[in-house]
């Protein structure tokens, strides 16, 4: 056989071995070629298979470099714990014969499978002792225990996350293989026994997976961990206690992740959880605040209870912190938790506890009772107020009747300072009173007096009087009402002048000095004038009187002169009128004379004409007679 054929066959064998390592579950049997038979099977058939599987070799080149980093840390930690476990197998120890009952949930599983050639015979369990959240951290010794193997079980590890609204619980599902490897349940029982020996477990409310926090390695490594949120606790007022009760909210939302990785070639796949357990030690002062679920409508009640330091024997009788998380466990969960607890050696613990609990009443019955009590109180208050109002209305009616009978429209102003008006400023407008008479604050007389003070020569119409009276009533009502509110604000039952002053100055810019404040009062003394000043004042008054008299005389003279002038003017006008009348009469007489003369002339002319005609007639008759 030639050399290139031998090299080719060797490469094929190496590739087949790599394929078998990558796929251990599939029993792939490929034909092996004999070196001495070059002409048996076709050479290119396995090459096709090689080309199909070649892309799967790429992650192998990157993973082995990082596998070595993650191989050492979990194994070293596990080797530190495993020797005392193997040495003390025959030693008498307390064994948890009752395995923890699993809490069955319906998680939404999201499986992520990664394959690698890395094979281990031990689970990568990272048990790191840690102390809870406290001001001081003290390491607790770990006692050797016996690990009992149990069949594969589904275990939920609730990790509480504290939020401002409704907290949620996330659980992780861990499945261990039954190939002789220690399961998670046995590890939990061992952790539980260690915690009990150190008196760190509350026997009534204990969950074996309460304090287990999970960590995840980088995504490039083959060791795939279980992803879940870590336990977060917020510190508040310190609570001195020797045990930490588990807190699980009532509305959990579970998210589970199942991861598988091959442990060895040819063996079924199993999970390799990387679990870091938190082993609480004996804390000196721990501050724990658990989430409190509230549902509206609720009435918050804050109670502070201080207990005398008690002495308890045995870890089963350890002090329980009450009120940290109400309505967490139901009866079934309490029964399941109680079944996982075993007896531990007794010890004496002195625990002075001071717990402050803040509870919320969420039941509907208590809410209805409180609402009924509030309604009854409101009804009683309304009843008392009605009685007070009726009494005040009666008193005010009597006073109003007395004022109206006494007369005087302005009398109603003084009535506004009555302390009864401070509680009910508008009692006069109450329609429930049948005999209610609205007093007029300002009558017509008062309005006329005010108008005369402003302008004495003017008068008012009836419409103006009505409008002014309405405006005055509104103004007085508004001022009294606002002043009453100020008096109520001062928690007083009497109306004072300063209330009215405050309202008038702020809203109307009206200042009323001389009331309320002592600073506004001023001392007034009569002035002492000397005699010279008095004489001067008298002389001044005389001179003023003389000047006034002389001015009056001058005015009288001027008036007389004016009257004389007026008389003269009238006389002149009368004379003129008389002259005109005389002239008219003369003209009329002349005209009459002319007319008479004309008439006489006409008569004479007529007579002459008649005479001439007679003469002519006579002359004519005369010759006829001659003939």
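Positions of Cβ are set from backbone N, Cα and C atoms, glycine also.
Checked against Swiss-Prot, the range among 203-235, 368-400, 467-499 recorded as coiled coil is 368-400.
Residue counts for the domain 'Histone-fold' (440-511) by DSSP state, with H, G and I taken as helix and E and B as strand, are 51 helix, 0 strand, 21 coil. Counted with DSSP, the compositional bias 'Basic and acidic residues' (373-402) comes out as 30 helix, 0 strand, 0 coil.
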